[in-house]
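Annotation source TrEMBL lists transmembrane segment at 58-76, 88-108, 151-171, 192-213, 219-238, 250-266, 278-295.
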Amino acid sequence: MAVDIQPACLGLYCGKTLLFKNSSTEVYGECGVCPRGQRTNAQKHCQPCTESPELYDWLYLGFMAMLPLVLHWFFIEWHSGKKSSSALFQHITALLECSVAAVITLLVSEPVGVLQIRSCRVLMLSDWYTMLYNPSPDYVTTVHCTHEAVYPLYTIVFIYYAFCLVLMMLLRPLLVKKIACGLGKSDRFKSIYAALYFFPIVTVLQAVGGGLLYYAFPYIILVLSLVTLAVYMSASEIENCYDLLVRKKRLVVLFSHWLLHAYGIISISRVDKLEQDLPLLALVPTPALFYLFTARFTEPSRILSEGANGH
């Protein structure tokens, strides 16, 4: 097969797009940016992204999908007051919004109409920041080769957040107006107002730190889930198993944190060797058990009461 010979392509992410191909000839264009859905190979040719995401890629997307859902639940609980039934309906609605947004996002991504995506393999951190690697051959003219080398892991998150925001604005105000009768008019929509603040924040977080989050999210999940579980149990003055079992809500919070622990452990291990990694899930209840066994030595209720009295 004859291949069109052209000068070497400079830059880490610059490539040559295939212009013509038959049984004996391949003709490539000039060195430049690869089209969306393609990235360069070792020969500096733009190749379509045809692989399926790895388990770790799906776990990363799951983490980015959970962020707005967890924030929704937090602010719903924060602003719902004592109206537990109102909070429950809002929790379910937030889960429905994020689930529908995730399904729609997968359906509109390539290949369109099916619940799967094609992706390019993430090879290194710089794949997320191709704009920083545009070459300047003569130190004057810059060849712009910025493209999504990690297609579609970068942009699909923005699409998902956009659908989450649209669905929230369509569904949540009507629901809150119907069921949150016990709250004041100014309090009813505070969880929605909070979402209008945190959606831009998580969007900027993905835009600036997407690559860092890709490699760090398992550890972020573990650390934050451990800290929030300890804070919740101490604030609820849980000092023994009876205190934990006396309310269903506390069990729900505990099991939710256990799921996050398991998610973080699986993300770190990547389940490369199933028989070696699965026993690590036995560590999931360890933080809660450690807290219950040591709570009587620290007496969280006494610390909280002294803090409230200003001592």
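Cβ atoms are placed via backbone N, Cα and C, with glycine included.
Where the annotation comes from TrEMBL, it is an automatic prediction and has not been curated.
Remote same-chain partners of the transmembrane segment (58-76), defined as residues 6 or more beyond its termini with a Cβ less than 8 Å from a stretch Cβ, comprise 87, 90-91, 94-95, 97-98, 102, 153, 156-157, 160-161, 164, 168, 190-191, 194-195, 198-199, 202, 206, 213-214, 217-218, 221, 263, 266-267. Across 151-171, 192-213, 250-266, 278-295, stretch 151-171 shows the highest tally of CB pairs under 8 A with the transmembrane segment (88-108).
Under 8 Å from some Cβ of the transmembrane segment (278-295) lie the Cβ atoms of residues 226, 229-230, 233, 238-241, 244, 254, 257-258, 261-262, 265-266, 269, 271, all in the same chain and six or more residues away from its ends.
The transmembrane segment (192-213) shares more Cβ pairs under 8 Å with 151-171 than with any other stretch in the list 151-171, 219-238, 250-266. Remote same-chain residues near the transmembrane segment (250-266) are listed as 59, 62-63, 218-219, 221-222, 225-226, 228-229, 232, 236, 238, 243-244, 277, 280-281, 283-285, 287-288 (criterion: CB distance under 8 Å, separation of at least six residues from the stretch ends).
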